[in-house]
Amino acid sequence: MVEGARVRLRGWQQAAVALGSAVGALVDPRRADLIAALGETTGKPAFERVLERMKRNPEGREILLDRPRVISSNVGHAWDLPENTFGAAYAKFMGSRNFSPDDRPPVRFMETEELAYVAMRAREVHDFWHTLFGLPTNLIGESALKVIEFEQMMLPMCFLSVIGGTARFNDKQRSLFYTHYFPWAVRAGMKSTDLMCVYYEKHFNEDLEAVRQRWGIIPAPSIQM
């Protein structure tokens, strides 16, 4: 069961929420609730395709059956794992930024429980992807990850977020992004496995570099920003 009361929208209401969320997210990209609403109201076809892929994949089916949630009570053990592990790297990423896995906004605009879970899962694995690809959480890092997310899920919200994010770059950031991060992100998104079909929580105790290699992860370029 995905937490949060879901709201059924008519066509014009969905368009209105999408437009309002898009404008609000462009004005303030830190509004996770607006970005989430934009993703849900524009992303149903994309989430349906992700759902079908998960159903065809053994690990994806296991995720759909178990419906794991990335919340503190389920992933807190990552903080106790050996330093070389994927779980410890995730814990370090979260702890160094004072992030909590419980801070993700609930899904509100998906019609079925199954689609609501897929949308929530996509939202909750975002920080796993930051960890695996070694991306910072600044404007360049988030924009680069949105390129990968677009390639993985074809969500319109990701494309719009890249446009909105890059519009805020200064000249140095723009040069760094288009010279180094954008071409890397395109390549990384294409080379990696279907990342929505990975049961990350079951791989916490494995070596970080080993899982990167297995999943075709190309870490982000190390460039002074």
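For all residues, glycine too, the Cβ spot is worked out from N, Cα and C.
Keep in mind the model is a prediction, meaning the values are calculated, not measured.
Database features (TrEMBL):
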- His126, Asp127, His130, Glu142: Zn(2+) binding site (BINDING)
Exercise. What count of other C-beta atoms do you get within 10 angstroms of the C-beta of Glu142 (Zn(2+) binding site), across all chains shown?
Worked result: 17
Exercise. For the binding-site residues listed here (His126, His130), which one has the lowest count of neighbouring CB atoms within 10 Å of its own CB?
Worked result: His126
Exercise. Which chain neighbours of the Zn(2+) site, leaving out His126, Asp127, His130, Glu142, have a Cβ atom within 8 Å of the mean position of the site's Cβ atoms?
Worked result: Phe128, Trp129, Leu135, Thr137, Gly141, Leu145
Exercise. Once the chains shown are all counted, how many other Cβ atoms turn up within 10 Å of the Cβ of Asp127 (Zn(2+) binding site)?
Worked result: 22
